[in-house]
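> One structure, as structure tokens, below. Some questions next.
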């Protein structure tokens, strides 16, 4: 049980454990349902119940009374799972869980959610997977994706490299969707891979009829068996269950809070469409083929990099603060072609003079930075700011973090930021990329 001090004591005092059916009375309202577990990094003082309607509700336990309605059964996840036979005719796929909706299994007898599971558990929840590959499944960590940190990218990259070295024919990463695109970019810079690395997630939990978890996971396995030996993201391509898209790891972004087709290629096209569990590679895309590269890992990152959005009321002190606090690099989300108010030029120049690289991106997301058009842009360039070209702010942030892990020489940083390492920017823009 992952409930913490306050909630844990509350449950113990009332003789309640995960899977029990309980009633929580609070003032003039009550909630009845099955007590669910919570993720390891959830806030203390709350319980989560699965109601008869199928929806989950979080209840603050302050000033409440708990009533045990019925004891629950022991969870069946991970218990008595029969061995899954290895099929030598099939490829070996590693599935690595980092937490998130897609990698959780619901035990309907207890209502418990299990983000840590075995290969047998995964097959029980998604039996169609047996048609595609043999599996090695492990939980790397169990966090909500908003709590992702650069050090976890390093752990993921090294875990992936170990699996590839051990003979895995493809990798699937199960990840929460909120920061999935950051991780996709990070792995793109950290790894040269001889096999596909596919990151997937889910917008709807697997206990909901509208869940996208099963299809995304199966299509990710299909992509991991393909010839595209790159880091990519596999998610729904439409609101229904007709197909998924494969997006380049450095050119993808979450663009909607709740839609199942939230992930879109930015300043790029999807690199493949997966329909009826078959991969149709974009004929315009020149991809790295399986075994074309030897495995290389360069996972060092600098964690103290800032991402700052320009806005009409922004003041010089915001830039000065990051300099004074010892930040090693800054990415600016400028307006339009890559602009900030002219009052920021002096602190930006100070950053450059103190060997703190600054990279300019655009809030527009689509299109590219061009600081040669207007006088303010030219002054920004003269202050030593590096163009982020058509990278998304998130990809530029990840790249700068990675580059600073390789070198702290500001001249070398500029060279690497202007070098296309993982397809993170286009040399030319195309009108077909806008809102594709």
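Including glycine, each Cβ sits where the backbone N, Cα and C put it.
The feature active site is assigned by Swiss-Prot to 101, 177, 178, 254, with sequence analysis given as support. Annotated domain 'Asparaginase/glutaminase' per Swiss-Prot: 91-420, in sequence order.
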> With DSSP assignments reduced to helix, strand and coil, which class does residue 254 (active site) get?
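The three-state answer is strand.
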> Would you count the other C-beta atoms found within 10 angstroms of the C-beta of residue 178 (active site) for me?
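Around residue 178 (active site), other Cβ atoms within 10 Å: 16.
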> Work out how many Å separate residue 178 (active site) and residue 254 (active site) at their Cα atoms, rounded off.
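Here the two Cα atoms are 7 Å apart.
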> Among the active-site residues 177, 254, which residue has the largest number of other Cβ atoms within 10 Å of its own Cβ?
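The residue with the densest Cβ neighbourhood is 177.
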> Rounded to the nearest angstrom, how far is the Cα of residue 177 (active site) from the Cα of residue 254 (active site)?
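That comes out at 8 Å between the alpha carbons.
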